[in-house]
Amino acid sequence: MRRAGAACSAMDRLRLLLLLLLLLGVSFGGAKETCSTGMYTHSGECCKACNLGEGVAQPCGANQTVCEPCLDSVTFSDVVSATEPCKPCTECLGLQSMSAPCVEADDAVCRCSYGYYQDEETGRCEACSVCGVGSGLVFSCQDKQNTVCEECPEGTYSDEANHVDPCLPCTVCEDTERQLRECTPWADAECEEIPGRWITRSTPPEGSDVTTPSTQEPEAPPERDLIASTVADTVTTVMGSSQPVVTRGTADNLIPVYCSILAAVVVGLVAYIAFKRWNSCKQNKQGANSRPVNQTPPPEGEKLHSDSGISVDSQSLHDQQTHTQTASGQALKGDGNLYSSLPLTKREEVEKLLNGDTWRHLAGELGYQPEHIDSFTHEACPVRALLASWGAQDSATLDALLAALRRIQRADIVESLCSESTATSPV
């Protein structure tokens, strides 16, 4: 019985020992599975990994991993690793320009300069293909895509070889024009005004009411209305015939007559205004001489009378003259065909609208070479530097800028420049 009890006790001890060993194995195995790097020091400690922007200075072994930060614009590390050191940044060479700088956690991103694209097979920058005359742009040349062109379909044309302009719609002649040349894929249609087409007028029938001029002197209308009404009456008198003017020679001979009549009307109007002002000043001077010394000046808003029978409020006359002078100053300020004559607010608006790479396309249309365009990228505001450089040229006219904007399909900027009127006439 004692031997049987001893044997059972030994078996229990053996089972307990196996159970303990199994538990220890499971615990050690679980500890190793939680190590993300899968590497351990000689003492069994899990090796730590270096974060993004850090590289391994001393690998894990006898001691724990030693990390060091990468240097901005010199080295980078874009992986979490216990073995990878910081890698040197990529340099953009030749026809490449940097679109994203090298930082501690990301490498530099290079792209081909304006007018070039990166060939996927060779990796080199190749010149963008040019759409020839009669072909237009479908997809622009950028990054890893070359220019995609198409032959201009019917109703469109392209008369320039470049890699930025699509096929343009053909010009349609108006009813008052005749077509000299049809539109082809490589040339636009050409139109010409039809000469000798005049508006015919019929004489009024007998017995109709005819307005007779009034003997009373009417109130002087504004200058622009007086000129328009006088010219309209003159043209009606000369052209008021029931027979249309058919011969071209007669129409050409009447043009000097119209010009002479218009000049006479303008001279007469100027003389009339000068006489009225001189007469008014003369009466004011006579009134000042005959007024007593202690007489107070007329209050604001008093009516001024002249021999013409016209009653004018002095305050309204002063406000109208001030408004006229202000409008004239605005007209003089806004006049001019140079880009530098634009108001500062308009130039700043153009700079804001030229976002992205649009200013590069505009620079190419204004005649700048790719090397010169790249030099603007070193400025704080490349768009402002481009427009300032171009605006200093004698040929920097507003018409040239509008034409270049139309060629790069930026009609919104053209509309913004043309929307604001320079001045308004006083009423």
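Using the three backbone atoms N, Cα and C, a Cβ is placed for every residue, glycine included.
Keep in mind that this is a model prediction, so the values were computed, not measured.
Residues annotated as compositional bias 'Polar residues' in Swiss-Prot: 200-217 (among others).
For 284-294 (among others), the entry in Swiss-Prot reads compositional bias 'Polar residues'.
What Swiss-Prot records for 308-329 (among others) is compositional bias 'Polar residues'.
Swiss-Prot lists Cys35-Cys46 (among others) with the feature disulfide bond. According to DSSP, Cys46 (disulfide bond) sits within a strand segment.
Swiss-Prot lists Cys47-Cys60 (among others) with the feature disulfide bond. Cβ environment of Cys60 (disulfide bond): Thr37, Met39, Tyr40, Thr41, Cys47, Lys48, Ala82 lie under 8 Å away, each six or more residues apart in the same chain.
Feature annotation from Swiss-Prot assigns disulfide bond to Cys50-Cys67 (among others); the stated evidence is sequence analysis. Residues near Cys67 (disulfide bond) in space but far in sequence (CB under 8 A, at least 6 apart, same chain), listed by position: Cys50, Asn51, Glu54, Gly55, Val56, Ala57. According to its DSSP assignment, Cys67 (disulfide bond) is in a strand.
Marked as disulfide bond by Swiss-Prot on the basis of sequence analysis: Cys70-Cys86 (among others). Around Cys70 (disulfide bond), a 10 Å sphere centred on its CB holds 24 further CB atoms from the protein chains shown.
According to Swiss-Prot, the feature disulfide bond maps to Cys89-Cys102 (among others). For the recorded site, Cys89 (disulfide bond), the DSSP three-state label reads coil.
Annotation comment: Swiss-Prot describes Cys92-Cys110 (among others) as disulfide bond. Sequence-distant neighbours of Cys92 (disulfide bond): residues of the same chain at least 6 apart with a C-beta under 8 Å from its C-beta are Met98, Ala108, Cys110.
In sequence order, Gly94, Leu95, Gln96, Cys112, Ser113, Tyr116, Tyr117, Gln118, Asp119 are the residues of the chain that are 6 or more apart from Cys125 (disulfide bond) and have a CB within less than 8 Å of its CB. According to Swiss-Prot, the disulfide bond annotation covers Cys112-Cys125 (among others).
The C-beta environment of Cys141 (disulfide bond), restricted to residues of the same chain at least 6 apart in sequence and closer than 8 Å, consists of Gly115, Tyr116, Tyr117, Cys128, Ser129, Thr147, His163. Cys141 (disulfide bond) carries neither a helix nor a strand DSSP state and counts as coil. Feature annotation from Swiss-Prot assigns disulfide bond to Cys128-Cys141 (among others); the stated evidence is sequence analysis.
Under the heading disulfide bond, Swiss-Prot lists Cys131-Cys149 (among others). When secondary structure is read from DSSP and collapsed to three states, Cys149 (disulfide bond) falls in the strand class. In sequence order, Ser129, Cys131, Gly132, Ser135, Gly136, Leu137, Val138 are the residues near Cys149 (disulfide bond), counting only same-chain partners six or more apart with C-beta under 8 A.
Per Swiss-Prot, the feature disulfide bond maps to Cys152-Cys167 (among others). Same-chain residues at least 6 positions away in sequence with a Cβ under 8 Å from that of Cys152 (disulfide bond) are, in sequence order, Gly134, Ser135, Gly136, Ser158, Cys167, Pro185, Trp186.
Cβ neighbours within 10 Å of Cys170 (disulfide bond), excluding its own Cβ and spanning all shown chains: 18. What Swiss-Prot records for Cys170-Cys183 (among others) is disulfide bond.
DSSP classifies Cys191 (disulfide bond) as strand under the three-state reduction. Look at Swiss-Prot and you will find Cys173-Cys191 (among others) tagged as disulfide bond.
The N-linked glycosylation site feature in Swiss-Prot is assigned to Asn63; the stated evidence is sequence analysis.
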Practice task
State the Cα to Cα distance, in Å, between Cys170 (disulfide bond) and Cys46 (disulfide bond), rounded to an integer.
Solution key: 75
Completion exercise
Same-chain residues at least 6 beyond the ends of the repeat 'TNFR-Cys 2' (69-110) with CB under 8 Å of its CB atoms are 37, 39, 47-57, 59-60, 116, 125, 374, 377
Practice task
Compile a sequence-ordered list of residues in the same chain as Cys86 (disulfide bond), six or more apart from it, whose Cβ lies below 8 A from its Cβ; state 'none' when nothing qualifies.
Solution key: Glu54, Gly55, Glu68, Cys70, Leu71, Thr75, Phe76, Ser77
Completion exercise
One should report the C-alpha separation between Cys183 (disulfide bond) and Cys46 (disulfide bond), rounded to whole angstrom, as 78
Completion exercise
Neighbour count check, CB within 10 A, over disulfide-bonded residues Cys50, Cys110; minimum at Cys110
Exercise for the section: Have a look around Cys167 (disulfide bond) and count the other CB atoms within 10 A of its CB, chains all included. Expected result: 21
